Amino acid sequence: METLSTPLVSLPSQTNPESRTVKNDGRNRLVFSLIDQCTNRRQLKQIHAHMLRTGLFFDAYSASKLFTACALSSFSSLEYARKVFDEIPEPNLYTWNTLIRAYSWSPKPIESVEIFLRMLCESPYFPNKFTFPFLIKAAAELSRSRVGQVFHGMVVKLSLGDDVFVLNSLIHFYASCGDLDFAYQVFVRIGEKDVVSWNSMISGFVQGGCFDKALELFRGMEAENVKPNVVTMVGVLSACAKMKDLEFGRWVRSYIEQNGIKMDLTLSNAMLDMYVKCGSVEDAKILFDRMEEKDIVSWTTMIDGYAKLGEYDVAKSFLDVMPTQEIATWNALISAYDQNGKPQEALAIFHELQLSENVNLDELTFVSTLSSCAQLGAMDVGEWIHENIKKQRMKLNCHLTTSLIDMYSKCGNLEKALEIFNSVERRDVFVWSAMIAGLAMHGRGRAAIDLFFRMQEAKVKPNAVTFTNVLCACSHTGLVEEGRMLFNQMEPVYGVVPGAKHYACMVDILGRAGLMEEAVEFIEKMPITPSASVWGALLGACKIHENVELAEQACSRLLELEPENHGALVLLSNIYAKTGKWDNVSELRKRMRVSGLQKEPGCSSIEVNGTTHKFLAGDNSHPLSKEIYSKLDEIVAKLKSSGYVTNKSHLLQLIDEENMKEQALNLHSEKLAIAFGLISTNPSQPIRIVKNLRVCGDCHSVAKLISKLYDREILLRDRYRFHHFSGGYCSCMDYW
DNA sequence: CTAGGGTTAG
């Protein structure tokens, strides 16, 4: 028997190349069987060559056979397949469908649509019931609502609207575009639902966050006698995970056992994830140890579980004993640290990774690490990554572009962020939104709004995040009129329903501008319950405009929603201090002490030569502490001789002695960081500081003066925005 | 000769 272990030289080659009509005789069948047995690209190419020689390639049916192997086999490439396709003189419908199918899986599903259009123009065929599932799958991958809707229309017109395969793919499509209502309408109208119909709808509901509906359907299956399978259970477990319902998860496990559903790798992984998300790493570990087959997902899930619990050592020990060290697992650890507010630890892992030789950093490594750099303001590491991306000639996709823009913006280098933004070819909604956010946090409100409109010209639809960012820009720059207009257009013009964040932004815009009555009225008219952030914004405005009465109301509303929110009390106490109500301040302090609420300690960090130094107020743990304090004394003396008077209302605590007050202010973490920056960085370099809370008024005035007296640029990022101090001025124009 | 649904990280 001929197999491919036999050299391909023995291929039959007697067919006359002149004759283009090739019969399906035995010899052809041999070629087809060889195609099926191909295990690598070389063999495939040899068969291709042979078929060209013999003319078999010019027979549409035979060409389709070869083409299928080119397009769908794991060892071939789509690029090659495409070349083969373009050589086929008259591809048949099967061949067209296969190419559409191949692209629908590929990283470029849009090509499916392009091929489909070509087919309509160039071929004599109409799409059939096989074409649409592939095509609709591509539309789902693209999340392009309009495109899929057009296909749905064609399905109906071509009378394919009762094919269960086509309809199932439409359920999946609508669900992945977030149109759960449409998906459900398709679902209920299917006459003979099969298990895939149910599964598609269940996963659709799970992914759309409608867990109750998903579980309702799961029970509905039983009622209609459709037996759930592995995929059903994956969906149901995923719902448990997202609801964090461990009890139900355990019930599902026994259901799986009782119904004899075979636990395959994916189902086991889904169950691991359920246990981890529901907080039982113990159960996960037992299952993990019993699993015969484990893949990268299993390991990653475990590592992620331990890392999120803060058991980083255990997480790392998993990483060390993994059979193959894959970058995905390292990425999981980095991103777990990053998202759990431990960016420094994330960077430590990244450094370890840089040293290990057998793992190659990938795009996700960079995305997660850049996010940590952004959090910390660690621009040196961020720049290293940027350099490396260039060196590796890694293509800047939208994910990476967004991360880089975010990192540079948050590290204070807005120009670099803009440079990247202007240089990339592709900009999706996230890229635009990140750039708008960057401009906003640097106080370039006008530019942010301009960019928002340029985004419309580029035909990119803004989403909820875009609006949060652009409204934020308005609030930082005091653009009340623009903010009002944008907010009012959100739903009618852009179809984005304003959420809690947008309302909070609007209250912030109005409140900061001193339009307190309008802000209150705005809150009263809100169609959704005002969230804590809405009251927080009002409270913040009360601080600026010294409105004690309203502040008290806002604060109590805020505490109703978030009793643990110490920030609210701190803010209120600041307002009391600012208006000289020291009795109220001390009463509040007592209340905070009694309830065990503590002010989040202010902390400033500064990166010098790739190392981040952290300072708390009054901190003397730094090795250069002595030098820092003497620098601070020098600064204070210089400030005083230039006529500066401390504004003591910025103090939270009631401190009796006047000079104590002054001292406490002088020990604020940002001042320590600036002093350290002055002694440890090159005078030509700006001093870059990141503060976890908002900068206090006194520190703000002092920073302005230092920038002038020492002729140094200071970039201070606080919780909300950037302050560029230079020549005695701040970029926020004291509006913050 | 072809098809649709599933787990992790972002």
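Here, residue 1 is simply the first one shown, and the rest follow in order.
Cβ atoms here come from the backbone N, Cα and C positions, even for glycine.
Heads up, TrEMBL stuff is auto-annotated, nobody curated it.
Residues or ranges marked as compositional bias 'Polar residues' in TrEMBL: A:1-19.
For A:643-736, the entry in TrEMBL reads domain 'DYW'.
Taken from TrEMBL, the feature region 'Disordered' covers A:1-23.
Tertiary proximity for the repeat 'PPR' (A:194-228) is limited to same-chain residues at least six positions away from its ends with a CB under 8 Å from its CB atoms, namely 164, 167-168, 171-172, 174-176, 178, 180, 183-184, 187, 234-236, 238-239, 242-243, 259, 261. For A:194-228 (among others), the entry in TrEMBL reads repeat 'PPR'.
Annotated repeat 'PPR' per TrEMBL: A:264-298 (among others), in sequence order. Remote same-chain residues near the repeat 'PPR' (A:264-298) are listed as 230, 233-234, 237-238, 240-242, 244-246, 249-250, 252-253, 256, 304-306, 308-309, 311, 326, 328-329 (criterion: CB distance under 8 Å, separation of at least six residues from the stretch ends).
The repeat 'PPR' annotation in TrEMBL covers A:326-356 (among others). In terms of DSSP secondary structure, the repeat 'PPR' (A:326-356) contains 26 helix, 0 strand, 5 coil.
According to TrEMBL, the repeat 'PPR' annotation covers A:428-462 (among others). Long-range neighbours of the repeat 'PPR' (A:428-462) within the same chain, counting only residues 6 or more positions beyond its ends whose Cβ lies under 8 Å from a Cβ of the stretch, are 398-399, 401-402, 405-406, 408-410, 414, 417-418, 421, 469-470, 472-474, 476-479, 482, 486, 494, 496, 717, 720-722, 724, 731-733.
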Practice item. Could you pull the average pLDDT for the repeat 'PPR' (A:428-462)? Key: 92
